[in-house]
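Feature list, courtesy of TrEMBL:
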BINDING   58-62, 127-133, ASP156, ALA256, GLY310, HIS358, ASP426  (6S)-NADPHX binding site
BINDING   ASN59, ASP123, SER159  K(+) binding site
BINDING   LYS395, GLY396, SER397, THR398, THR399, GLY425  AMP binding site
DOMAIN    10-213  domain 'YjeF N-terminal'
DOMAIN    221-484  domain 'YjeF C-terminal'
Amino acid sequence: MRTAYSVETVRAAERKLMAELPEGALMQRAAAGLAAACAGLLGRTSGTRIVLLVGSGDNGGDALYAGARLARRGAAVTAVLLAPDRAHPGGTEALRAAGGRTVDGPSAADPARVMAGARLVLDGIVGIGGRGGLRPDARIWAQAAREAGARVVAVDLPSGVEAGTGEVAGEAVHADATVTFGTYKPGLLVDPAAGRAGALRLVDIGLAPHLPEQPDLEALQHADVAALLPVPAAESDKYRRGVVGVVAGSARYPGAAVLAVAGAFGGGAGAVRYVGPAADAVIARFPETLVHAGPPHKAGRVQAWVVGPGLGDGPDARRALDDVLDSDVPVLVDADGLRLLDGDRVGARRAATLLTPHAGEAAALLGASREDVEARRLDSVRRLAGEFRASVLLKGSTTLVADGTGGPVRVNPTGTGWLATAGSGDVLSGLTGSLLAAGLGVVDAGSAAAYLHGLAARFAAGHGGAPVRASQVARALPAAWRSVRG
Ligand SMILES: NC(=O)C1=CN([C@@H]2O[C@H](COP(=O)(O)OP(=O)(O)OC[C@H]3O[C@@H](n4cnc5c(N)ncnc54)[C@H](OP(=O)(O)O)[C@@H]3O)[C@@H](O)[C@H]2O)[C@@H](O)CC1
Ligand SMILES: [K+]
């Protein structure tokens, strides 16, 4: 599991750790890890041109000390000091002593000339002390770095992103890799900031013992998902494996029912009950489905419900939604179900409720704009969970799952742009419902399902990548299970 902590928590842990260590030791640990990562990336340091972009804080100090280490290995290192009179004094001295040179950033006439021939640029403009996007001087240098074709390695964070939230208020560095210290920060895992970070590398500086047990953010990895997935034992029957009920589809959108049921089978439910007007289409594709035409509560035993995909917004849809919300088993509400949702009814439920909006649906629920939700994903998912007193899975490039009780938010690392296709959300809803029916908690079910779903899309897109349809994502779910369990 990858975990991330807020900036305040990181600062508090750093203070405790620093109190145990000699002055400057922590920065040396960071710089040593950073220099080693850069040397690894370059392969050869001797004679290699490296440019450091150095801001006014300790982030610039890390870059300068790492630059000094690389200069001692034979690299030709130039530090561009963006605030020359406030650049880290010890770091500047160490770099010069190692044979590196410094350039006054704001008064340099031609950034392109400074960058010429650089294979690596270290972004030490700003780290966890940053606020807002890149300032104009920094922007010019970040742009010159990209135009020079150098690999950009961000120190701790890509400069210009909000470390604690993943927001990007203005311009930010686009890094090929980020070397971060002590722990991941939310901005490295949540978009839009995560999309600027490139490949992540964590350098151990001894911070872990000083961090609280509960992180702010968690990202599952293969082994975590494998441990969550239900595997049938010899004595399992369909109820032990979980029966999931799917209330989805309409005369107009029968396909949504088929895709949600496909997802439900892909989640390993012992049985899938379908309730709604698209039974013929469902049976034609999945003859093993148990179909029912009456109200959901008369459908037979169900251990979790999925309601909403392609449901439409007529009176039948509303009745079916309310019927399911009156049940005492976990309920996942998606798509049209979210448009019809009665917040009081959700708040009054005793069993768990999981809302699974995409950004547009989340915006409607929050009375915000879609752009706002996309720009502030972490804040949006937490607000939704708080307002509806429910768990929320916010779909998108970095899908988030919040439980509404202030526990860690889960962020999905397997997402892919290929998933932005009609019907892929229907597959996810069925898949998640299946895991709920098997007895997983809402956050575990949502995050494990998002993980498998992303992986399945990647497998369906294949090596190199090709467009996929939602039904292909569902078909690739067994491969995703095998990959995780193997
Ligand atoms: N603490 C530790 O133990 C360890 C910390 N470590 C390292 O220290 C980093 C944190 O260092 P930090 O606290 O000095 O802050 P930092 O991020 O360098 O920037 C602060 C300065 O930037 C400025 N600034 C603000 N916004 C800006 C913007 N948008 N664009 C441009 N400039 C902007 C602002 O200046 P001002 O607003 O006054 O002009 C402020 O003074 C951390 O990320 C890690 O790399 C490691 O060595 C491990 C041990
Ligand atoms: K940085």
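Positions of Cβ are set from backbone N, Cα and C atoms, glycine also.
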Could you measure between ASP58 ((6S)-NADPHX binding site) and ASP123 (K(+) binding site) for me? Cα positions, answer in whole angstrom.
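A Cα-Cα distance of 12 Å.
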Considering every residue in the domain 'YjeF C-terminal' (221-484), what is the mean pLDDT value?
96
Calculate the distance in Å between the alpha carbons (Cα) of LYS395 (AMP binding site) and ASN59 (K(+) binding site), and round it to a whole number.
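On Cα coordinates alone, these residues lie 33 Å apart.
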Consider the binding-site residues ASP123, SER159, SER397, THR399, GLY425 and say which one has the Cα lying nearest the Cα of ARG131 ((6S)-NADPHX binding site).
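Nearest in space to ARG131 ((6S)-NADPHX binding site), counting only the binding-site residues, is SER159.
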According to DSSP, collapsed to three classes, what secondary structure does SER159 (K(+) binding site) have?
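SER159 (K(+) binding site) sits in coil per DSSP, no helix or strand.
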For GLY425 (AMP binding site), what is the secondary structure by DSSP, using just helix, strand and coil?
helix
Compile a sequence-ordered list of residues in the same chain as GLY425 (AMP binding site), six or more apart from it, whose Cβ lies below 8 A from its Cβ; state 'none' when nothing qualifies.
PRO309, ASP334, ALA335, THR356, HIS358, LYS395
I'd like to know which of the binding-site residues ASP123, ILE128, ASP156 sit within 10 A of THR398 (AMP binding site) at the Cα level.
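Those close enough: none at all.
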What are the non-local neighbours of SER159 (K(+) binding site), defined as same-chain residues 6+ apart in sequence with CB under 8 A from its CB?
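Those within reach of SER159 (K(+) binding site), by Cβ under 8 Å and sequence separation of 6 or more, are LEU53, GLY55, ASN59, ASP123, ILE125, VAL126, GLY127, GLY130, LEU134, ALA138, ALA142, ALA172, VAL173.
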